[in-house]
Amino acid sequence: MSLNRFLLNAFQVRRAPTLQRTFHSTTLATMPRTAATESFKFNHTMIRIKDPKLSLPFYMDTLGMDLVSEQNMGDFTLYFLAFNYDGIASLPAEQKAKARFNREGILELTHNHGTESDPNFQGYANGNSEPGRGFGHIAITVNNIEEACARFESLGVPFKKRLTDGKMRHIAFILDPDGYWVEVVPQSLSL
């Protein structure tokens with residue numbers, strides 16, 4: 001099965017047959033936005049983590065994200081991370097907080113205090129197995145996927161899917177400290 005066919009099958013919407021017939025790789029990028037939605041952005045997604053002493057180094061050192069802000073809320077702490085392509089990580093704290101909600105591509109890590117030392121804590125569902133199947137993964141793009149995967153391997157990052165596994169040999173999946181899947185995609189991928 002070609003990658004295009006795989007993606008078309010993956011994005012089928014059974015209740016909207018007109019979308020199925022008109023879906024094309026450029027359709028979504030060129031759809032007109034209305035005045036009511038023209039300022040909307042996909043700002044962030046949140047995942048829960050067991051231990052920030054493990055998760056923050058993974059996202060910051062292994063993946064190269066920057067800590068945009070940290071907010072201790074008493075029972076839990078929020079960590080907002082992003083790739084620093086717009087200089088947000090170097091802004092003063094007050095400007096960072098404002099800029100955090102005016103950009104795309106933020107990852108929010110939520111640490112509920114005590115989970116890191118609770119021997120009975122079973123961890124969070126990553127969404128890829130029962131019970132709790134739903135959320136699947138986050139994804140990053142890289143310039144050279146072979147070099148990125150070799151680096152992850154040398155750092156001891158666990159893989160869910162290596163480049164050599166399965167039929168889709170142009171993507172990989174690594175696992176974060178909580179078992180969330182992180183898809184690694186080449187920036188040159190075209191569908």
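Placement of Cβ uses the backbone N, Cα and C atoms for every residue, glycine included.
The domain 'VOC' annotation in TrEMBL covers 41-187. The Zn(2+) binding site annotation in TrEMBL covers E108, H137, E183. If you look up TrEMBL, you'll see E183 marked as active site, proton donor/acceptor.
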Helix, strand or coil: which one is E183 (Zn(2+) binding site) in, per DSSP?
strand
For E183 (Zn(2+) binding site): intrachain residues, at least 6 apart, with Cβ closer than 8 Å:
H137, I138, A139, I140, I171, A172, F173
Identify, in sequence order, the residues in the chain of E108 (Zn(2+) binding site) that are 6 or more apart from it along the sequence and have a CB within less than 8 Å of its CB; answer 'none' if there are none.
H44, T45, M46, I47, L78, Y79, F80, L81
Give, as a single whole number between 0 and 100, the mean pLDDT over the domain 'VOC' (41-187).
94
When you measure from the Cβ of H137 (Zn(2+) binding site), how many other Cβ atoms are you left with inside 10 Å?
16
